[in-house]
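Engineer: Here it is, the structure, as structure tokens.
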Amino acid sequence: ASAALVLLCGSAAAVVVWKWLGKRQIQKKMEEARRTRDEGLKKMAKAVQQFREQIPSVQTDAILSLPLMELTGRLHEGSLSPKTVLYTYLEKALEVTEQTNCIRHFIPECEEQLQEIQQQKEKGLLFGVPISIKDHIGHKGHLSTCGLVQCLGTPMQEDSVLVKVLKKQGAIPFAMTNVPQSLFSYDCSNPIFGRTLNPFNPQKSPGGSSGGEGALIAGGGSILGIGSDIGGSIRLPSSFCGLCGLKPTAERLSVWHTPLLNVDICSHPAPVPCALGPMARDVDSLALCMKALLCQEMFQLDPTVPPIPFDEEVYSSSAPLRIGYYDTDDYVPLPPCMRRAVEETRRALQAAGHKLVPFSPPRICYVMNELFLKTFFADGGRAWLDVFTGGIVDPSLKPQVNCCKIPRLGKKLLALILKPLVRLFKQFLLLLKLKNVAMISTCRSVKEMWNHHHQIEVYRTEFITRWRELQLDVMLCPVLGPAFTMGYPGKLLAAVSSTMLYNVLNFPAGVVPVSTVTEADEEELKLYRGSCGDPWDRMLKQAVAGAVGLPVAVQCVALPWREELCLRLMKEVETLSREK
């Protein structure tokens, strides 16, 4: 008996030691990643200092204030050198990341790319333009971490197709930006590289998952960036940070060699695809980026991308548009300032000669719970939980992770308890910690999964039919905002219904800032009750409070493959809001 007791105690001790060693190894990996990041930033600072010593008289503010269209013109004509522009933006990026922690890694190969573009026979459309890219967009020799410990081992073996095309067009990728852990969040924090702050207010989130891009560009440290979007991950940071951002139709730009939601591990489902797209300070910059990317080089490198060049005629047209509009999806009533933005933009567009047609998006409750969330939690969230090596979970994700850990039987019991309560209300409540995970039915068989895919196609057909019955060209609608206070995005997952809809539909959608939060908006927010005045409505109210002066945006949408038309509406909205 004593021998058995000794053996049992020894086994228990061995398990404890083994777990401790595993956690220690994880900590070492994380420390090494942070050390590599910090050393890269020091090299970046040293390179900037050397340039400053060589050319002390650079007009930094003048260069940083140039819009992209004007900057590319100056670079092409030779009145500005790519070297001067690159080091000017490197210097500013260092300043912005010191304030916001937005850069995950400096790309030292940018100096090699600077030399290579001088050898190009023809100057590309983005000749000499410094560009930032989101953490998981593949760049040779660098990690695509998705904020996950298990992705810290193997650098990418080659550039993603998107990066290859950017380089071919003369752009200079110089920084990879921070993301939330696993990318499945619209906050921007992970246990390895920490939290990114909003450059306008450090108490606020920059949005996510392209939050590092949002903070860097809004802070002036990058003039053009590439993000990704699977539920609003380009549009939400653009809304929170006052930027223009475009989520194209998913297949319009190549995603080859770009791990999506850590696709190699998670087997990312196809019905709601991820799209890569540009983020910038104005709409013309987005259009130029799309024009540069939609070239023969991309079509040759990735034969799955339809060879459809950018249609400049559609983008530049001045013909009146027939525009559908709505200011709420009746799922998450947005704060007063966001609805005000839609109404003011609607009036401005109507006064400019466009036809505005009321539209009501169908069955958003069903779309959110059955189509969108079921796509990602078809297995009850088990595949997603597997990516959190060693149980290292960022605090911003703990509400969702804890819900996924509830055993299936527990979820069924919670669903039985909650369903009678839900029927008492006009719509599903935002029972985020319970409803959005506990009440989601999983796909228990291949047949159910195929049926789920079919239901998404049925909904897309229904939506397009309604769109065509009204003979719409484009859509004006709200986007979530203003910027949330830190920590709230993780508690309000379902609040992304305004952006998520167009991922399910796979429509191109973009965000344009049109206003800022006023004192009057803040007063009106005090009267906000949401759907039912329940705890989750109160939480949304708390999340957006204290936002006076922060950006307020609207969302513009077009049918699939009509990015140019979407950008056309965005440009019109931008012009009218600036005139106002």
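The count begins at 1 with the first shown residue.
Backbone N, Cα and C define each Cβ position, glycine as well.
What TrEMBL says about a protein is an automatic prediction, not a curated fact.
Under the heading domain 'Amidase', TrEMBL lists 85-567. Annotation source TrEMBL lists active site, charge relay system at Lys134, Ser209. Residues annotated as substrate binding site in TrEMBL: Leu183, Ser209, Ile230, Gly231, Gly232, Ser233. Under the heading active site, acyl-ester intermediate, TrEMBL lists Ser233.
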Engineer: Please report the Cα separation of Leu183 (substrate binding site) and Lys134 (active site, charge relay system) in Å, rounded to an integer.
Structural biologist: 11
Engineer: When you average the Cβ positions of Leu183, Ser209, Ile230, Gly231, Gly232, Ser233 for the substrate site, which other residues in that chain have a Cβ within 8 Å of that mean position?
Structural biologist: Phe184, Ser185, Tyr186, Gly208, Ser210, Ser228, Asp229, Ile234, Leu236, Cys274
Engineer: Restricting the comparison to the binding-site residues Ile230, Gly231, Gly232, Ser233, which residue's C-alpha is spatially nearest the C-alpha of Lys134 (active site, charge relay system)?
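Structural biologist: Looking at Cα distances from Lys134 (active site, charge relay system), the smallest one goes to Ser233.
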Engineer: So if I draw a 10 Å sphere around the Cβ of Gly231 (substrate binding site), how many other Cβ atoms end up inside it?
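Structural biologist: Counting Cβ neighbours of Gly231 (substrate binding site) within 10 Å gives 28.
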Engineer: Identify, among the binding-site residues Leu183, Ile230, the residue whose Cβ has the fewest other Cβ atoms within 10 Å in this structure.
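Structural biologist: Taking Leu183, Ile230 as the binding-site residues, the minimal 10 Å Cβ count falls on Ile230.
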Engineer: Restricting to the domain 'Amidase' (85-567), report the mean pLDDT as a whole number.
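Structural biologist: For the domain 'Amidase' (85-567), the model's average pLDDT rounds to 90.
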Engineer: Other than its own, how many Cβ atoms are within 10 Å of the Cβ belonging to Ser209 (substrate binding site)?
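Structural biologist: Excluding its own Cβ, the number within 10 Å is 34.
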